[in-house]
Amino acid sequence: MGKDYGEPIRYDPDFNGPIHNRSCTDILWLIIFILFLGAWGYVGYYSMTRGSVDKLLAPIDSKGRRCGLDSGLEDKKYLLFFNIAKCLSPGTPITGCPTTQVCVPQCPDRTILFTKELEQNPSSFEQLKPRMVCTEDVNTQSMTLAQAKQYIQDEKCASFVLESQPVLYRCIGDLSTLPCKDTDPRSRDGETCVRNPKDAQKSLFNRATALDSYVGWIAASWVTFFTRNERETHVLSSQIVQDLVQSRWYMAGALVGVVVLCFIYILLLRWVITPVVWLSIAGLFALMGFALYLCYKNYEYYKANPVGLYQTTNLKGYAQSIFAKHETWLAILIALAVVFVILLLVVIFLRSRITIAIALIREGSKAVTAIKSTILFPIFPWIFQCAVIAYGVLVLMFLLSIGDSAFRVVNMRNDTDCDCGGLYKEEGDSCDPIKFFQKCHDTSSVGTILPCRLASCHFTGIENQNNVIYMHLVNLLGFFWAMFFISGVADMMLASTFSTWYWTFHKNDLPFFTLTSGIYRTLRYHLGTVAFGALIIAIVRVIRVILEYIDHKVKKFDNPFTRCILCCCKCFFWCLESFLKFINKNAYIMCAVHGKNFCRSANDAFSLVMRNILRVVVLDKVADFIFFLSKVLISVGVGFAVYYLLEWNYVYEVTKGERLHYNYVPAVILSVATYLICTIFFNVYSMAVDTLFLCFLEDCERNDGSPEKPYFMSKNLMKILGKRNKKIT
């Protein structure tokens, strides 16, 4: 093993931790990275000066035409919904809002209930007619009162308009002031859309801005996905969004408490790590045993009671048709049994290795709690990464909008009454929206000139210039390179910090500015090394994105050979990226300790790992399992705690607040947020364990426990390994 992967590290009497007298590494790659950032900045400047995001944000009406772009709509930039309450239906984010949508020059400046006004005061029809919103086939100028009522009934004209504000060129208004009879014709006359007027006053639309209303509208439609009754959907959506608004500050305070909880958990983990690991392993086997029992019972039941065929026109029916077969349960039973036996054998034969992994994880907890500033350190890389994401997305949108707008004639063959005076004759001809609106009209109209009923000059996209493709590649590479660079810099800073802790023989002598020193060494000497490592992973990630794009394009050809080739390529590059990430992290650790360039650090780390490959595999999987279990434990615990806390009457007596309609909504949201926060915390923990592990392997090879070469590992680790430091006699 030693000959294949290099000789073990030899003892160096001058080595006592991260090398202080080091030089800059991989300077050339840092210069290339800086030059590339300049090129990426120029791409951003070019795209923002040549592109227009308005072209991408233009809303689409019910006929598929883009407001402000298609023929006849040049001065109608805003989209108005006939009945925005229908947009709260569950399928809105997928299928679109199921109500008539038309383009208008501006959003309504006041709320008008046309049905109510025309019934109670017919004489006001002439004043209301200019404010009515109808589809294009309705001539509002010559429309009579009787026709207006009929058009409203036929949903060719809106029954009401709301005082609205444009949000992304969509007119979003306040639904809480309307009676349900205007938003839902099946409801009782005068019934309100929320439980009582007091609830209406506190609704999201009365409290928030138009943008908040738009986001709340989309969120509510997703939250009520399993609600079947449309009337119930409207009520449930408004109540859920109202609960979120009412509890927003309490949720923000709870997130601060989650941060404190994560810190306390890391403190406690150093003492309870052993029972947590073994109880988790026992729980895993118990869960798998119970799953085996259920599979066997289902196998017996469906074998003795075969069921008929299910409808397979939807996903639910297809799933039922599969799991109603005893062969399916037999296959699952065999697979689970094999996994159960393999895991059991692994635990039995590697129990001593798991004990070492537990000890190292405990050491990681000691290191994190000894240098408490590392807990909050990930916040700063996270802020930089958010800025990179925002810039990359912004540049992408502007790049997509660079070029000339392309317009084509559509529905010409279906609209036999459309006459363009010979200007446009065939479907798909290139057209100009203004000329189409001026020259093309409906020949069936008498007395008035109306636009064509079906045919239109339709916006089909943006014809990008050839150089925009290369700019997309630069933006894609810049985005991934910058993201991996930021995470790599953070990893190396933490590796420098935790390695200093490990190689400090007496932990009480640890320097106060350990993290600051690690940050300084990384920024001063090794940014080029991180830039080189980040570039390698970024290139592989770009290739993966290109493969996904190619796969998306060739799917329409349905070629099994190309699908197989692309699947193999995607699998290969996914494995390559995972391997390179593993190598990069260990190379950063070795560079932080010894100050060598990327290639030498990667070679040293790879050789050290391969000489101890069994320990590496066990530690990596055990640590990942423990961290995952801890994150699930904390997030689920917070969710249950919040839910039952909101059930406690004493909370409302102290806060003087009102009960929420659904306590599980903030509980679920806080559970998800807690999991994300825990991920940030345990990434630091994971980096500490990985760093200490490499230092531990090097310590085992470099030292032998003699007074001249004492071990730097803890007494607990030495006890587990059967090693000890000999005292000077």
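Every residue, even glycine, has its Cβ placed from backbone N, Cα and C.
Some features that TrEMBL has for this protein:
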TRANSMEM  27-46  transmembrane segment
TRANSMEM  249-271  transmembrane segment
TRANSMEM  277-296  transmembrane segment
TRANSMEM  329-350  transmembrane segment
TRANSMEM  382-403  transmembrane segment
TRANSMEM  479-503  transmembrane segment
TRANSMEM  523-547  transmembrane segment
TRANSMEM  625-644  transmembrane segment
TRANSMEM  664-685  transmembrane segment
Under an 8 Å Cβ to Cβ limit, what residues of the same chain, 6 or more beyond the ends of the transmembrane segment (479-503), are close to it? 15-18, 33, 36-37, 40, 363-364, 367, 370-371, 374, 377-378, 381, 384-385, 388-389, 392, 510-511, 514-515, 517-519, 521-523, 526-527, 529-531, 533-535, 537-538, 541-542, 584-585, 588-589, 591-593, 684, 687-688, 690-692, 695-696, 699, 712
What stretch of 249-271, 382-403, 523-547, 625-644, 664-685 shows the most Cβ pairs under 8 Å to the transmembrane segment (27-46)? 523-547
Ranking 249-271, 329-350, 382-403 by Cβ pairs under 8 Å to the transmembrane segment (277-296), which is first? 329-350
Is it the case that the transmembrane segment (625-644) and the transmembrane segment (664-685) touch, counting contact as three or more CB pairs under 8 Å in which the residues of each pair are 6 or more positions apart? yes
Are the transmembrane segment (664-685) and the transmembrane segment (329-350) close enough to be called in contact, which here means at least 3 C-beta pairs under 8 A that are separated by 6 or more residues? no
